[in-house]
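Participant: Pasting in a structure now, in C-alpha coordinates, and then I'll have a few things to ask.
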Amino acid sequence: MSEAEARPTNFIRQIIDEDLASGKHTTVHTRFPPEPNGYLHIGHAKSICLNFGIAQDYQGQCNLRFDDTNPVKEDIEYVDSIKNDVEWLGFHWSGDIRYSSDYFDQLHAYAVELINKGLAYVDELTPEQIREYRGTLTAPGKNSPFRDRSVEENLALFEKMRTGGFEEGKACLRAKIDMASPFIVMRDPVLYRIKFAEHHQTGNKWCIYPMYDFTHCISDALEGITHSLCTLEFQDNRRLYDWVLDNITIPVHPRQYEFSRLNLEYTVMSKRKLNLLVTDKHVEGWDDPRMPTISGLRRRGYTAASIREFCKRIGVTKQDNTIEMASLESCIREDLNENAPRAMAVIDPVKLVIENYPQGESEMVTMPNHPNKPEMGSREVPFSGEIWIDRADFREEANKQYKRLVMGKEVRLRNAYVIKAERVEKDAEGNITTIFCTYDADTLSKDPADGRKVKGVIHWVSAAHALPIEIRLYDRLFSVPNPGTAEDFLSVINPESLVIKQGYGEPSLKAAVAGKAFQFEREGYFCLDSCYATADKLVFNRTVGLRDTWAKAGE
(Lines of atoms letter the chains of each structure in order from A and count residues from 1; the text may use other names and numbers.)
(Lines give C-alpha, C1' and ligand atoms only; values in the text may rest on other atoms or scores of the structure.)
Protein backbone atom coordinates (compact mmCIF):
# COMPACT_ATOMS: atom_id res chain seq x y z
CA MET A 1 0.00 0.00 0.00
CA SER A 2 1.39 3.39 -0.99
CA GLU A 3 1.65 6.29 1.46
CA ALA A 4 -1.22 8.08 -0.29
CA GLU A 5 -3.43 4.97 -0.11
CA ALA A 6 -2.69 4.62 3.63
CA ARG A 7 -3.95 8.12 4.39
CA PRO A 8 -7.46 8.50 5.75
CA THR A 9 -9.83 10.13 3.30
CA ASN A 10 -12.55 12.64 4.12
CA PHE A 11 -14.25 15.64 2.55
CA ILE A 12 -11.61 18.07 3.86
CA ARG A 13 -8.76 16.09 2.34
CA GLN A 14 -10.69 15.92 -0.93
CA ILE A 15 -10.96 19.73 -0.89
CA ILE A 16 -7.23 20.03 -0.23
CA ASP A 17 -6.42 17.58 -3.03
CA GLU A 18 -8.55 19.65 -5.44
CA ASP A 19 -6.95 22.92 -4.29
CA LEU A 20 -3.46 21.53 -4.85
CA ALA A 21 -4.37 19.97 -8.20
CA SER A 22 -5.92 23.22 -9.48
CA GLY A 23 -3.00 25.33 -8.32
CA LYS A 24 -5.17 27.36 -5.94
CA HIS A 25 -2.61 26.49 -3.28
CA THR A 26 0.89 25.11 -3.65
CA THR A 27 1.28 24.21 0.04
CA VAL A 28 -1.00 23.39 2.95
CA HIS A 29 -0.99 25.52 6.10
CA THR A 30 -3.38 24.74 8.98
CA ARG A 31 -3.63 25.86 12.59
CA PHE A 32 -4.88 24.66 15.97
CA PRO A 33 -6.23 27.72 17.85
CA PRO A 34 -7.35 26.83 21.42
CA GLU A 35 -8.37 29.44 23.94
CA PRO A 36 -6.15 29.07 27.04
CA ASN A 37 -9.04 29.04 29.50
CA GLY A 38 -9.14 25.34 30.38
CA TYR A 39 -7.69 21.92 29.75
CA LEU A 40 -7.98 20.15 26.41
CA HIS A 41 -10.32 17.16 26.15
CA ILE A 42 -10.80 14.26 23.75
CA GLY A 43 -12.81 16.51 21.41
CA HIS A 44 -9.80 18.78 21.04
CA ALA A 45 -7.71 15.69 20.30
CA LYS A 46 -9.81 15.15 17.18
CA SER A 47 -9.03 18.70 16.01
CA ILE A 48 -5.34 18.31 16.88
CA CYS A 49 -5.08 15.06 14.93
CA LEU A 50 -6.94 16.59 11.99
CA ASN A 51 -4.96 19.84 11.73
CA PHE A 52 -1.52 18.51 12.55
CA GLY A 53 -2.16 15.24 10.70
CA ILE A 54 -3.10 17.06 7.48
CA ALA A 55 0.01 19.24 7.72
CA GLN A 56 2.14 16.13 8.26
CA ASP A 57 0.63 14.16 5.39
CA TYR A 58 0.90 17.03 2.90
CA GLN A 59 4.38 18.13 4.06
CA GLY A 60 2.83 21.43 5.08
CA GLN A 61 2.75 23.49 8.25
CA CYS A 62 0.47 23.68 11.28
CA ASN A 63 0.58 26.58 13.72
CA LEU A 64 -0.26 26.40 17.40
CA ARG A 65 -2.01 29.69 18.11
CA PHE A 66 -3.54 30.65 21.42
CA ASP A 67 -6.76 32.60 20.97
CA ASP A 68 -6.03 34.78 23.99
CA THR A 69 -8.56 37.60 23.63
CA ASN A 70 -10.24 37.33 27.05
CA PRO A 71 -7.74 38.01 29.85
CA VAL A 72 -10.37 37.46 32.55
CA LYS A 73 -10.67 33.72 31.86
CA GLU A 74 -7.19 32.85 30.59
CA ASP A 75 -4.04 31.78 32.40
CA ILE A 76 -0.47 30.76 31.59
CA GLU A 77 -1.23 27.46 33.40
CA TYR A 78 -3.54 26.52 30.53
CA VAL A 79 -0.99 27.62 27.93
CA ASP A 80 1.59 25.25 29.39
CA SER A 81 -0.92 22.41 29.71
CA ILE A 82 -2.05 22.75 26.08
CA LYS A 83 1.53 22.78 24.78
CA ASN A 84 2.24 19.63 26.79
CA ASP A 85 -0.87 17.87 25.48
CA VAL A 86 -0.08 18.63 21.83
CA GLU A 87 3.47 17.32 22.19
CA TRP A 88 2.36 14.26 24.16
CA LEU A 89 -0.04 13.37 21.34
CA GLY A 90 3.00 13.22 19.07
CA PHE A 91 2.78 16.53 17.20
CA HIS A 92 4.83 19.70 17.03
CA TRP A 93 3.87 23.08 15.72
CA SER A 94 5.57 24.97 12.91
CA GLY A 95 7.90 27.75 14.02
CA ASP A 96 7.22 29.67 17.20
CA ILE A 97 4.03 29.47 19.20
CA ARG A 98 1.61 32.17 18.08
CA TYR A 99 -0.79 34.22 20.17
CA SER A 100 -3.72 36.23 18.88
CA SER A 101 -2.37 38.95 21.17
CA ASP A 102 0.69 39.12 18.88
CA TYR A 103 -1.66 40.83 16.41
CA PHE A 104 -3.42 43.29 18.72
CA ASP A 105 -1.81 46.29 16.98
CA GLN A 106 -2.85 45.05 13.52
CA LEU A 107 -6.33 44.14 14.74
CA HIS A 108 -6.77 47.63 16.14
CA ALA A 109 -5.64 49.12 12.83
CA TYR A 110 -8.16 46.98 10.92
CA ALA A 111 -10.92 48.08 13.29
CA VAL A 112 -10.01 51.71 12.54
CA GLU A 113 -10.13 50.89 8.82
CA LEU A 114 -13.68 49.55 9.19
CA ILE A 115 -14.69 52.73 11.04
CA ASN A 116 -13.19 54.88 8.28
CA LYS A 117 -15.20 52.91 5.72
CA GLY A 118 -18.40 53.47 7.66
CA LEU A 119 -18.58 49.76 8.49
CA ALA A 120 -18.14 49.93 12.27
CA TYR A 121 -19.49 52.16 15.02
CA VAL A 122 -19.16 52.68 18.77
CA ASP A 123 -22.35 51.62 20.51
CA GLU A 124 -23.36 52.73 24.01
CA LEU A 125 -26.28 50.38 24.47
CA THR A 126 -25.93 48.17 27.54
CA PRO A 127 -25.16 44.47 26.96
CA GLU A 128 -28.76 43.69 27.92
CA GLN A 129 -30.09 46.21 25.39
CA ILE A 130 -27.84 44.83 22.67
CA ARG A 131 -29.34 41.37 23.27
CA GLU A 132 -32.84 42.85 23.19
CA TYR A 133 -32.21 44.83 19.98
CA ARG A 134 -30.69 41.77 18.29
CA GLY A 135 -34.07 40.11 17.75
CA THR A 136 -34.73 36.38 17.51
CA LEU A 137 -34.57 33.60 14.96
CA THR A 138 -38.08 34.55 13.83
CA ALA A 139 -38.01 38.32 14.38
CA PRO A 140 -35.52 40.82 12.89
CA GLY A 141 -33.41 43.03 15.09
CA LYS A 142 -33.61 46.81 15.24
CA ASN A 143 -30.94 49.42 14.77
CA SER A 144 -29.13 50.93 17.71
CA PRO A 145 -29.78 54.68 18.19
CA PHE A 146 -25.98 55.09 18.02
CA ARG A 147 -25.66 53.30 14.66
CA ASP A 148 -25.51 56.39 12.47
CA ARG A 149 -22.75 58.30 14.19
CA SER A 150 -20.24 59.98 11.88
CA VAL A 151 -16.87 58.44 11.08
CA GLU A 152 -15.14 61.22 13.01
CA GLU A 153 -17.26 60.68 16.11
CA ASN A 154 -16.72 56.91 15.99
CA LEU A 155 -12.95 57.34 15.63
CA ALA A 156 -12.89 59.65 18.65
CA LEU A 157 -15.06 57.34 20.73
CA PHE A 158 -13.03 54.25 19.78
CA GLU A 159 -9.89 56.09 20.87
CA LYS A 160 -11.65 56.97 24.12
CA MET A 161 -12.38 53.26 24.59
CA ARG A 162 -8.73 52.40 23.95
CA THR A 163 -7.42 54.94 26.46
CA GLY A 164 -9.75 53.87 29.27
CA GLY A 165 -12.30 56.65 28.98
CA PHE A 166 -15.29 54.30 29.32
CA GLU A 167 -16.18 51.90 32.10
CA GLU A 168 -16.61 48.21 31.29
CA GLY A 169 -19.95 47.54 29.62
CA LYS A 170 -20.54 51.20 28.77
CA ALA A 171 -19.35 51.06 25.15
CA CYS A 172 -18.30 48.58 22.48
CA LEU A 173 -17.35 48.60 18.81
CA ARG A 174 -19.84 46.89 16.49
CA ALA A 175 -19.75 46.01 12.82
CA LYS A 176 -22.38 47.76 10.72
CA ILE A 177 -23.89 44.97 8.63
CA ASP A 178 -27.65 44.20 8.68
CA MET A 179 -29.91 44.05 11.72
CA ALA A 180 -32.54 42.26 9.60
CA SER A 181 -30.19 39.48 8.46
CA PRO A 182 -31.66 35.99 8.81
CA PHE A 183 -28.34 35.07 10.44
CA ILE A 184 -28.12 36.51 13.94
CA VAL A 185 -24.33 36.46 13.80
CA MET A 186 -24.55 39.15 11.08
CA ARG A 187 -26.76 41.53 13.08
CA ASP A 188 -24.09 44.12 13.86
CA PRO A 189 -21.84 41.80 15.88
CA VAL A 190 -19.58 43.22 18.58
CA LEU A 191 -15.96 43.52 17.41
CA TYR A 192 -14.33 45.03 20.53
CA ARG A 193 -15.30 45.21 24.21
CA ILE A 194 -13.72 46.87 27.24
CA LYS A 195 -12.00 44.76 29.92
CA PHE A 196 -9.77 46.25 32.59
CA ALA A 197 -7.77 43.10 33.25
CA GLU A 198 -4.09 42.25 33.04
CA HIS A 199 -3.26 40.02 30.09
CA HIS A 200 -0.81 37.14 30.50
CA GLN A 201 1.09 38.20 27.36
CA THR A 202 0.54 41.96 26.97
CA GLY A 203 0.16 43.02 30.60
CA ASN A 204 -1.83 46.24 30.95
CA LYS A 205 -1.11 47.66 27.50
CA TRP A 206 -4.72 47.20 26.37
CA CYS A 207 -8.10 47.71 27.98
CA ILE A 208 -10.03 46.87 24.80
CA TYR A 209 -9.99 43.33 23.47
CA PRO A 210 -11.19 42.00 20.10
CA MET A 211 -13.90 39.36 19.87
CA TYR A 212 -13.17 35.86 18.56
CA ASP A 213 -15.00 36.31 15.25
CA PHE A 214 -13.02 39.45 14.44
CA THR A 215 -9.72 38.01 15.62
CA HIS A 216 -9.40 34.55 14.22
CA CYS A 217 -10.12 35.31 10.56
CA ILE A 218 -7.54 38.12 10.56
CA SER A 219 -5.05 35.95 12.45
CA ASP A 220 -5.56 33.20 9.86
CA ALA A 221 -4.90 35.68 7.06
CA LEU A 222 -1.81 37.18 8.71
CA GLU A 223 -0.35 33.69 9.17
CA GLY A 224 -1.12 32.56 5.61
CA ILE A 225 -3.46 29.77 6.68
CA THR A 226 -4.82 27.98 3.61
CA HIS A 227 -7.51 25.85 5.25
CA SER A 228 -9.16 27.09 8.46
CA LEU A 229 -10.88 24.10 10.06
CA CYS A 230 -13.63 24.62 12.66
CA THR A 231 -16.39 22.54 14.21
CA LEU A 232 -19.95 22.82 12.93
CA GLU A 233 -21.18 25.32 15.52
CA PHE A 234 -19.10 27.93 13.67
CA GLN A 235 -20.84 27.29 10.33
CA ASP A 236 -22.94 30.48 10.47
CA ASN A 237 -19.90 32.41 11.71
CA ARG A 238 -18.23 31.75 8.35
CA ARG A 239 -20.37 34.57 6.94
CA LEU A 240 -18.80 37.00 9.40
CA TYR A 241 -15.35 35.47 8.79
CA ASP A 242 -15.71 36.27 5.10
CA TRP A 243 -17.33 39.69 5.67
CA VAL A 244 -14.42 40.91 7.81
CA LEU A 245 -11.78 39.76 5.33
CA ASP A 246 -13.75 41.12 2.36
CA ASN A 247 -13.91 44.58 3.93
CA ILE A 248 -10.33 45.16 5.11
CA THR A 249 -7.13 45.63 3.15
CA ILE A 250 -5.45 42.26 3.52
CA PRO A 251 -3.84 40.28 0.69
CA VAL A 252 -4.84 36.77 1.79
CA HIS A 253 -8.35 35.40 2.26
CA PRO A 254 -8.35 31.91 3.81
CA ARG A 255 -11.40 29.67 3.58
CA GLN A 256 -13.13 28.23 6.62
CA TYR A 257 -14.40 24.64 6.54
CA GLU A 258 -16.53 23.02 9.23
CA PHE A 259 -16.57 19.44 10.48
CA SER A 260 -18.62 17.67 13.15
CA ARG A 261 -17.47 17.96 16.73
CA LEU A 262 -16.80 14.85 18.78
CA ASN A 263 -19.61 13.75 21.09
CA LEU A 264 -18.75 10.78 23.29
CA GLU A 265 -21.09 8.60 25.33
CA TYR A 266 -21.01 8.52 29.15
CA THR A 267 -19.25 11.86 29.48
CA VAL A 268 -19.70 15.59 28.88
CA MET A 269 -17.57 17.91 26.75
CA SER A 270 -19.01 21.27 27.76
CA LYS A 271 -16.29 23.35 29.39
CA ARG A 272 -18.90 24.77 31.77
CA LYS A 273 -20.03 21.32 32.88
CA LEU A 274 -16.49 20.01 33.20
CA ASN A 275 -15.61 23.05 35.28
CA LEU A 276 -18.62 22.37 37.52
CA LEU A 277 -17.45 18.80 38.07
CA VAL A 278 -14.09 20.16 39.25
CA THR A 279 -15.21 23.15 41.31
CA ASP A 280 -17.97 21.18 43.08
CA LYS A 281 -15.44 18.39 43.76
CA HIS A 282 -17.34 15.60 42.03
CA VAL A 283 -13.90 14.74 40.63
CA GLU A 284 -10.44 15.43 42.02
CA GLY A 285 -9.34 17.87 39.33
CA TRP A 286 -8.97 18.40 35.60
CA ASP A 287 -6.61 15.41 35.40
CA ASP A 288 -8.92 13.06 37.31
CA PRO A 289 -8.72 9.74 35.40
CA ARG A 290 -12.51 9.78 34.93
CA MET A 291 -12.43 13.09 33.07
CA PRO A 292 -12.40 13.23 29.24
CA THR A 293 -9.47 15.66 29.37
CA ILE A 294 -6.26 14.63 27.66
CA SER A 295 -4.44 14.97 30.99
CA GLY A 296 -7.07 12.77 32.66
CA LEU A 297 -6.86 10.11 29.95
CA ARG A 298 -3.05 10.20 30.15
CA ARG A 299 -3.11 9.73 33.92
CA ARG A 300 -5.58 6.87 33.54
CA GLY A 301 -3.13 5.09 31.26
CA TYR A 302 -4.33 5.92 27.75
CA THR A 303 -1.52 6.11 25.23
CA ALA A 304 -1.10 8.82 22.63
CA ALA A 305 -1.17 6.12 19.94
CA SER A 306 -4.57 4.84 21.13
CA ILE A 307 -6.08 8.34 21.03
CA ARG A 308 -4.67 8.98 17.56
CA GLU A 309 -6.10 5.65 16.40
CA PHE A 310 -9.49 6.53 17.89
CA CYS A 311 -9.53 9.86 16.04
CA LYS A 312 -8.58 8.06 12.83
CA ARG A 313 -11.38 5.51 13.22
CA ILE A 314 -14.18 7.98 13.91
CA GLY A 315 -13.18 10.01 10.86
CA VAL A 316 -14.19 13.50 9.79
CA THR A 317 -17.72 14.25 8.56
CA LYS A 318 -20.28 17.05 8.48
CA GLN A 319 -22.88 15.05 10.41
CA ASP A 320 -23.07 15.38 14.18
CA ASN A 321 -23.18 12.02 15.91
CA THR A 322 -22.34 10.47 19.25
CA ILE A 323 -19.53 7.94 19.42
CA GLU A 324 -19.79 4.91 21.69
CA MET A 325 -17.39 4.93 24.65
CA ALA A 326 -16.68 1.31 23.72
CA SER A 327 -14.98 2.56 20.55
CA LEU A 328 -12.45 4.59 22.55
CA GLU A 329 -11.98 1.76 25.03
CA SER A 330 -11.36 -0.77 22.27
CA CYS A 331 -8.52 1.39 20.90
CA ILE A 332 -6.63 1.42 24.20
CA ARG A 333 -7.47 -2.23 24.87
CA GLU A 334 -6.01 -3.29 21.51
CA ASP A 335 -2.91 -1.12 22.02
CA LEU A 336 -2.18 -2.47 25.50
CA ASN A 337 -3.00 -6.07 24.61
CA GLU A 338 -0.29 -5.80 21.98
CA ASN A 339 2.29 -3.84 23.94
CA ALA A 340 1.76 -4.05 27.71
CA PRO A 341 3.90 -6.49 29.71
CA ARG A 342 2.03 -8.90 31.94
CA ALA A 343 2.12 -9.01 35.74
CA MET A 344 0.10 -10.66 38.48
CA ALA A 345 -1.90 -8.73 41.06
CA VAL A 346 -4.71 -9.82 43.38
CA ILE A 347 -7.38 -7.15 43.81
CA ASP A 348 -9.69 -8.86 46.35
CA PRO A 349 -7.28 -11.15 48.20
CA VAL A 350 -7.91 -14.26 50.29
CA LYS A 351 -5.11 -16.36 51.80
CA LEU A 352 -4.39 -19.80 50.35
CA VAL A 353 -2.11 -22.23 52.22
CA ILE A 354 -0.55 -25.25 50.46
CA GLU A 355 -0.25 -27.69 53.34
CA ASN A 356 2.13 -30.17 51.71
CA TYR A 357 4.52 -27.53 50.31
CA PRO A 358 7.90 -27.50 52.13
CA GLN A 359 7.38 -25.16 55.08
CA GLY A 360 9.35 -21.91 54.98
CA GLU A 361 10.72 -22.57 51.50
CA SER A 362 10.20 -20.72 48.24
CA GLU A 363 11.29 -21.00 44.62
CA MET A 364 11.35 -18.90 41.47
CA VAL A 365 9.08 -19.65 38.55
CA THR A 366 9.71 -18.24 35.09
CA MET A 367 6.94 -16.25 33.45
CA PRO A 368 6.82 -14.65 29.99
CA ASN A 369 6.35 -10.88 29.97
CA HIS A 370 4.02 -11.32 27.00
CA PRO A 371 2.50 -14.63 25.87
CA ASN A 372 2.81 -13.80 22.17
CA LYS A 373 6.02 -11.77 22.16
CA PRO A 374 9.07 -13.77 23.22
CA GLU A 375 11.19 -10.73 22.34
CA MET A 376 9.76 -9.02 25.43
CA GLY A 377 11.59 -11.57 27.57
CA SER A 378 10.61 -13.21 30.83
CA ARG A 379 10.82 -12.60 34.56
CA GLU A 380 11.38 -14.65 37.70
CA VAL A 381 8.45 -14.63 40.13
CA PRO A 382 8.74 -16.06 43.67
CA PHE A 383 6.42 -18.90 44.71
CA SER A 384 5.83 -20.19 48.23
CA GLY A 385 3.45 -22.31 50.29
CA GLU A 386 1.31 -19.32 51.23
CA ILE A 387 -0.17 -17.25 48.44
CA TRP A 388 -2.90 -14.72 47.81
CA ILE A 389 -5.60 -15.50 45.26
CA ASP A 390 -8.65 -13.49 44.27
CA ARG A 391 -11.72 -14.21 46.39
CA ALA A 392 -13.83 -14.65 43.24
CA ASP A 393 -11.55 -17.52 42.13
CA PHE A 394 -12.80 -19.92 44.84
CA ARG A 395 -16.21 -21.41 45.58
CA GLU A 396 -17.21 -24.14 47.97
CA GLU A 397 -19.78 -25.32 45.43
CA ALA A 398 -20.11 -24.49 41.73
CA ASN A 399 -21.56 -25.74 38.45
CA LYS A 400 -19.52 -27.04 35.54
CA GLN A 401 -19.27 -23.61 33.92
CA TYR A 402 -17.13 -22.36 36.81
CA LYS A 403 -13.54 -23.12 35.76
CA ARG A 404 -11.74 -21.94 38.87
CA LEU A 405 -10.97 -23.47 42.27
CA VAL A 406 -13.79 -25.47 43.88
CA MET A 407 -13.73 -27.45 47.13
CA GLY A 408 -12.42 -30.96 46.44
CA LYS A 409 -11.36 -30.10 42.89
CA GLU A 410 -8.21 -28.99 41.11
CA VAL A 411 -7.05 -25.86 39.32
CA ARG A 412 -3.72 -24.71 37.95
CA LEU A 413 -1.86 -21.75 39.38
CA ARG A 414 -0.59 -19.63 36.49
CA ASN A 415 2.86 -20.92 35.35
CA ALA A 416 3.15 -22.95 38.56
CA TYR A 417 1.50 -26.04 40.07
CA VAL A 418 -1.81 -27.84 40.09
CA ILE A 419 -3.53 -27.51 43.48
CA LYS A 420 -6.59 -29.10 45.09
CA ALA A 421 -8.86 -27.38 47.63
CA GLU A 422 -9.22 -29.45 50.81
CA ARG A 423 -10.86 -27.26 53.47
CA VAL A 424 -11.47 -23.65 54.54
CA GLU A 425 -11.45 -21.53 57.67
CA LYS A 426 -14.12 -18.88 58.25
CA ASP A 427 -14.60 -15.96 60.61
CA ALA A 428 -17.56 -15.42 62.93
CA GLU A 429 -19.60 -13.88 60.10
CA GLY A 430 -19.04 -16.88 57.85
CA ASN A 431 -16.51 -15.21 55.54
CA ILE A 432 -13.72 -17.42 54.27
CA THR A 433 -10.38 -16.29 55.74
CA THR A 434 -8.09 -19.11 54.56
CA ILE A 435 -8.28 -21.82 51.91
CA PHE A 436 -6.19 -24.95 52.58
CA CYS A 437 -4.93 -26.92 49.60
CA THR A 438 -2.51 -29.61 48.54
CA TYR A 439 -0.32 -29.44 45.44
CA ASP A 440 1.04 -31.90 42.92
CA ALA A 441 4.79 -31.34 43.07
CA ASP A 442 5.32 -32.88 39.61
CA THR A 443 3.15 -30.34 37.76
CA LEU A 444 5.36 -27.24 37.67
CA SER A 445 4.39 -25.74 34.30
CA LYS A 446 3.39 -29.16 32.96
CA ASP A 447 0.37 -31.46 32.90
CA PRO A 448 -0.15 -34.18 35.52
CA ALA A 449 1.71 -37.38 34.66
CA ASP A 450 -1.40 -39.57 34.95
CA GLY A 451 -3.12 -37.64 32.16
CA ARG A 452 -5.92 -36.10 34.22
CA LYS A 453 -7.23 -32.87 32.76
CA VAL A 454 -7.11 -29.64 34.76
CA LYS A 455 -8.96 -26.95 32.84
CA GLY A 456 -9.00 -23.88 35.07
CA VAL A 457 -6.10 -21.45 35.56
CA ILE A 458 -5.99 -18.72 38.20
CA HIS A 459 -3.40 -16.08 39.08
CA TRP A 460 -1.71 -15.68 42.43
CA VAL A 461 0.92 -13.73 44.40
CA SER A 462 3.31 -15.23 46.95
CA ALA A 463 2.28 -13.89 50.38
CA ALA A 464 5.84 -13.68 51.67
CA HIS A 465 6.97 -11.60 48.69
CA ALA A 466 3.80 -9.64 47.88
CA LEU A 467 3.81 -5.88 47.48
CA PRO A 468 0.83 -4.15 49.11
CA ILE A 469 -0.81 -2.04 46.41
CA GLU A 470 -3.76 0.31 46.21
CA ILE A 471 -5.89 -0.37 43.17
CA ARG A 472 -8.19 2.34 41.83
CA LEU A 473 -10.92 0.78 39.74
CA TYR A 474 -11.99 3.63 37.48
CA ASP A 475 -15.11 3.29 35.38
CA ARG A 476 -17.34 5.55 33.28
CA LEU A 477 -18.11 8.82 35.05
CA PHE A 478 -21.83 8.76 34.22
CA SER A 479 -24.37 5.95 34.41
CA VAL A 480 -26.30 6.95 31.26
CA PRO A 481 -25.02 7.29 27.67
CA ASN A 482 -26.04 10.94 27.20
CA PRO A 483 -25.67 12.74 30.54
CA GLY A 484 -25.64 16.15 28.87
CA THR A 485 -29.33 15.76 27.99
CA ALA A 486 -30.37 14.98 31.58
CA GLU A 487 -32.29 17.66 33.46
CA ASP A 488 -29.50 17.62 36.05
CA PHE A 489 -26.39 15.98 34.65
CA LEU A 490 -24.86 15.76 38.13
CA SER A 491 -27.71 13.46 39.21
CA VAL A 492 -26.55 10.73 36.79
CA ILE A 493 -22.94 10.53 37.98
CA ASN A 494 -22.00 6.87 38.30
CA PRO A 495 -21.56 6.18 42.06
CA GLU A 496 -19.16 3.35 41.18
CA SER A 497 -16.99 5.40 38.81
CA LEU A 498 -14.19 4.96 41.38
CA VAL A 499 -13.82 1.97 43.71
CA ILE A 500 -10.62 1.76 45.76
CA LYS A 501 -9.26 -1.67 46.73
CA GLN A 502 -6.26 -2.79 48.76
CA GLY A 503 -4.54 -5.75 47.16
CA TYR A 504 -1.20 -7.38 46.46
CA GLY A 505 1.13 -7.41 43.49
CA GLU A 506 4.13 -9.43 42.42
CA PRO A 507 7.58 -7.99 43.32
CA SER A 508 8.38 -6.85 39.74
CA LEU A 509 5.78 -4.09 40.11
CA LYS A 510 8.20 -2.25 42.41
CA ALA A 511 9.90 -1.04 39.22
CA ALA A 512 6.67 0.38 37.74
CA VAL A 513 6.80 3.96 36.47
CA ALA A 514 3.95 6.34 35.72
CA GLY A 515 2.83 6.19 32.11
CA LYS A 516 3.84 2.56 31.57
CA ALA A 517 0.92 0.15 31.55
CA PHE A 518 0.69 -3.49 32.62
CA GLN A 519 -1.86 -6.14 31.99
CA PHE A 520 -2.73 -7.51 35.41
CA GLU A 521 -3.42 -11.04 34.24
CA ARG A 522 -7.12 -11.91 34.14
CA GLU A 523 -8.01 -8.47 35.57
CA GLY A 524 -7.40 -5.70 33.05
CA TYR A 525 -4.91 -2.99 32.14
CA PHE A 526 -3.41 -0.82 34.87
CA CYS A 527 -0.78 1.88 35.24
CA LEU A 528 1.00 3.51 38.16
CA ASP A 529 -0.76 6.71 39.21
CA SER A 530 1.27 9.86 38.61
CA CYS A 531 -0.17 11.73 41.62
CA TYR A 532 -0.74 9.36 44.53
CA ALA A 533 1.94 6.72 44.01
CA THR A 534 5.16 7.04 46.05
CA ALA A 535 8.19 4.83 46.63
CA ASP A 536 6.48 3.51 49.76
CA LYS A 537 2.94 3.31 48.42
CA LEU A 538 2.16 1.83 45.02
CA VAL A 539 -1.13 3.07 43.56
CA PHE A 540 -2.38 1.64 40.27
CA ASN A 541 -5.21 2.98 38.10
CA ARG A 542 -7.36 0.69 36.01
CA THR A 543 -7.16 1.99 32.47
CA VAL A 544 -9.69 -0.42 30.98
CA GLY A 545 -10.95 -3.93 31.62
CA LEU A 546 -10.11 -6.95 29.52
CA ARG A 547 -13.57 -6.81 27.95
CA ASP A 548 -16.50 -4.43 27.65
CA THR A 549 -18.61 -5.19 30.74
CA TRP A 550 -21.06 -2.38 29.90
CA ALA A 551 -22.07 -4.09 26.65
CA LYS A 552 -22.80 -7.30 28.55
CA ALA A 553 -24.80 -5.42 31.19
CA GLY A 554 -26.92 -3.81 28.48
CA GLU A 555 -27.86 -7.07 26.80
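The backbone N, Cα and C atoms fix where each Cβ goes, glycine too.
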Participant: In Swiss-Prot, one of 29-36, 197-204, 317-324, 501-508 is tagged region 'Interaction with tRNA'. Which stretch would that be?
Facilitator: 317-324
Participant: When you get a sec, could you say which of 13-17, 268-272, 348-352, 518-522 is annotated motif ''KMSKS' region' by Swiss-Prot?
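Facilitator: Per Swiss-Prot, the stretch marked motif ''KMSKS' region' is 268-272.
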Participant: Cα-Cα, whole number of Å: Y212 (L-glutamine binding site) versus E35 (ATP binding site)?
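Facilitator: Their Cα atoms are separated by 10 Å.
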Participant: Are there residues at least six beyond either end of the motif ''HIGH' region' (34-44) with Cβ under 8 Å to its Cβ atoms? List them, or say none.
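Facilitator: Non-local partners: 66-70, 73-76, 78-79, 81-82, 85, 200, 212, 261-264, 269, 271, 274-275, 286-287, 291-295, 297, 307, 310, 328.
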Participant: Measuring Cα to Cα, how many angstrom lie between I42 (ATP binding site) and D67 (L-glutamine binding site)?
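Facilitator: A Cα-Cα distance of 19 Å.
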Participant: Residue counts in helix (H, G, I), strand (E, B) and coil for the motif ''HIGH' region' (34-44), per DSSP?
Facilitator: 3 helix, 1 strand, 7 coil
Participant: Reported in the order helix, strand, coil, what are the DSSP residue counts of the region 'Interaction with tRNA' (317-324)?
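Facilitator: The composition, in the requested order, is 0 helix, 2 strand, 6 coil.
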